[in-house]
Amino acid sequence: MAIIGVFLVAVIYTSLGFRPGNCGFVFYPSTFTWDREDSTCAAGMSTLIFYTVVGVATSTNILNMMTAAKLSVDKSVIQDCLHVIDLINSIFVFKLYDALWFQFIFLSISFLMIHALDGFVMFFFHPEVHPSFLQSKASKGTLVTIVPQSFLVDRKFTVPSF
């Protein structure tokens with residue numbers, strides 16, 4: 001149901017962009033930014049997209065908090081907040097100073113920092129990918145694979161030759 005819901009939202013947003021007139025977004029390679037076309041339709045789409053992302057992030061955070069059995073902050077809550085911050089930076093904050101160099105550097109650093117912090121969150125919450133010097137001796141274990149004898153009977157194992 002979630003995949004169908006996300007697919008329907010994507011189709012609806014895409015079809016709204018195909019309305020007659022200038023109802024789209026333009027990528028400016030000289031500044032590496034996206035901007036809406038100068039029309040009321042594009043302004044409405046920009047506002048709709050912003051509030052949809054904020055609404056989805058808020059609702060997922062509420063659901064995460066409701067289903068969390070512990071009182072600690074969940075990985076997905078942090079990730080949702082990071083991407084909402086990135087969205088706010090790319091829509092509102094970069095316009096605080098009109099210099100092109102500031103906007104380019106601010107948006108580039110914001111984009112890189114959000115994704116770097118997202119990687120650190122993933123790294124923190126998944127100890128199985130930590131280097132050996134960061135893992136405690138108690139967390140190290142042996143991986144045991146149990147295979148029934150019937151699996152090994154009449155099997156041909158081939159080794160590729162190079």
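Glycine residues also receive a Cβ, built from the backbone N, Cα and C atoms like all the rest.
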Listed range which TrEMBL flags as transmembrane segment, given the options 41-64, 137-160: 41-64
Residues of the domain '7TM GPCR serpentine receptor class x (Srx)' (76-126) by DSSP state, where helix covers H, G and I: 46 helix, 0 strand, 5 coil
Composition by DSSP (helix, strand, coil) of residues within the domain '7TM GPCR serpentine receptor class x (Srx)' (2-75): 45 helix, 8 strand, 21 coil
